[in-house]
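Marked as active site, proton donor/acceptor by Swiss-Prot: GLU350. According to Swiss-Prot, the feature acetyl-CoA binding site maps to ILE317, LEU318, THR319, GLN324, ARG325, LYS326, GLY327, TYR328, GLY329, LYS330, SER354. Annotated domain 'MYST-type HAT' per Swiss-Prot: 174-445, in sequence order, evidence recorded as sequence analysis. Marked as N6-acetyllysine by Swiss-Prot on the basis of similarity to another entry: LYS274.
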Amino acid sequence: MGSMEASTAPENGTAAAAAAAASTACNGAGGGGGAAAASNGGGVERRLRSSAASASWASHLPLEVGTRVMCRWRDQKLHPVKVIERRKSSTSSSPADYEYYVHYTEFNRRLDEWVKLEQLDLETVETDVDEKVEDKATSLKMTRHQKRKIDETHVEQGHEELDAASLREHEEFTKVKNIAKIELGRYEIDTWYFSPFPPEYNDSPKLFFCEFCLNFMKRKEQLQRHMKKCDLKHPPGDEIYRSGTLSMFEVDGKKNKVYGQNLCYLAKLFLDHKTLYYDVDLFLFYVLCECDDRGCHMVGYFSKEKHSEESYNLACILTLPPYQRKGYGKFLIAFSYELSKKEGKVGTPERPLSDLGLLSYRGYWTRVLLEILKKHKSNISIKELSDMTAIKADDILSTLQSLDLIQYRKGQHVICADPKVLDRHLKAAGRGGLEVDVSKLIWTPYKEQG
């Protein structure tokens, strides 16, 4: 799960430290007495070699920012990392008393973390590496399974992607996570990315969120005092959907500005290239909750602009890590299209989509469109499909083309849908997740008052 993948692994450092201590103990035992040393020339040679290696390692300390080295990860295997930042771990002046913020070059940035010196294999230190060559080599070493395992839970998208120059500037500014963990309801969650909280909250090891109003605090005692005063048991706004234990609330950013801003702060901890909007007045937030006798607990949300000239029906989407891989992301996408149907409009997610965002949407479009084509015996046009599904015609065309279900005949696109081919594509698209019970949706489209 995402939260587990994003967690730090202090046991790695402990294990490495224990191994180092055992190694030191063995070397000490080997050189404990003159007689033993004299009777074992190999022991003397090993000690001299070890001493020379230690001197060589010491010359690298403290490691410079940009250094490449192998680091022991939570799988107890060594992985290539790049040192992004460093900090002193004690008041000692020893060059060994540093911690290092590292990026695992095989993995997504969300796994970046602070590690102790014991986790690093100093024999592998590289200080002068051509980044393009190194990154290409790392990419080649990574298997398709590794990439999928790390990235499959991260299909959320931000309000907009960034061009190359903006991306470099963004990564430099956000290179070190400022908040390591949050507590939200009954979950402690490891964060994935930097979020621009007010300066007084930066570098807090942990922030405590009220799961209902999303106010955040530095200390557990503050949260406990707050919870005694907070009257909310669900997100502010109107409950527009209730089916079993699932509820959806529509929150107007203009009416609930602080909640909207706090939601953006929270979301940015788990979305890399999300543009943080302080002007939340322009957005509606649809917050999905699991409900019990204690209240309605947020599991994820999507936002949409109140007025979009491009027919965008979704700007940002997030499922919180503890609730991922349960079908909630697919539910949120489906819900956005049900709102478009109620509006009598076609919709599409805000562009451009990330690769994984496109993969998630392409799966939804495939399932919806092919289910209709399976049941529809006569000819059907792309416009008719769009009217039935609220999916934009361009998205329908690109999806069917990617499945080789479109042919161009006599100046027009023709859908060619063999039942066996449809079944094969549907199987590849996977399950649709939780279904939206449209009969439980009570909602009228947003209209500006006055």
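Each Cβ is built from the backbone N, Cα and C atoms, and glycine gets one as well.
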Predicted model, mean pLDDT over the domain 'MYST-type HAT' (174-445): 93
Integer Cα-Cα distance in angstrom, THR319 (acetyl-CoA binding site) to GLU350 (active site, proton donor/acceptor): 17
Candidate binding-site residues ILE317, ARG325, GLY327, GLY329, pick with smallest Cα gap to the residue listed as 'active site, proton donor/acceptor': ILE317
Cβ neighbour count within 10 Å of GLY329 (acetyl-CoA binding site): 24
Which of THR319, SER354, the listed binding-site residues, has fewest other Cβ atoms within 10 Å: SER354
Those residues of the chain, 6+ apart, with a Cβ under 8 Å from that of GLY327 (acetyl-CoA binding site): ARG431, GLY432, GLY433, LEU434
For acetyl-CoA: widest Cα to Cα gap among ILE317, LEU318, THR319, GLN324, ARG325, LYS326, GLY327, TYR328, GLY329, LYS330, SER354 in Å: 21
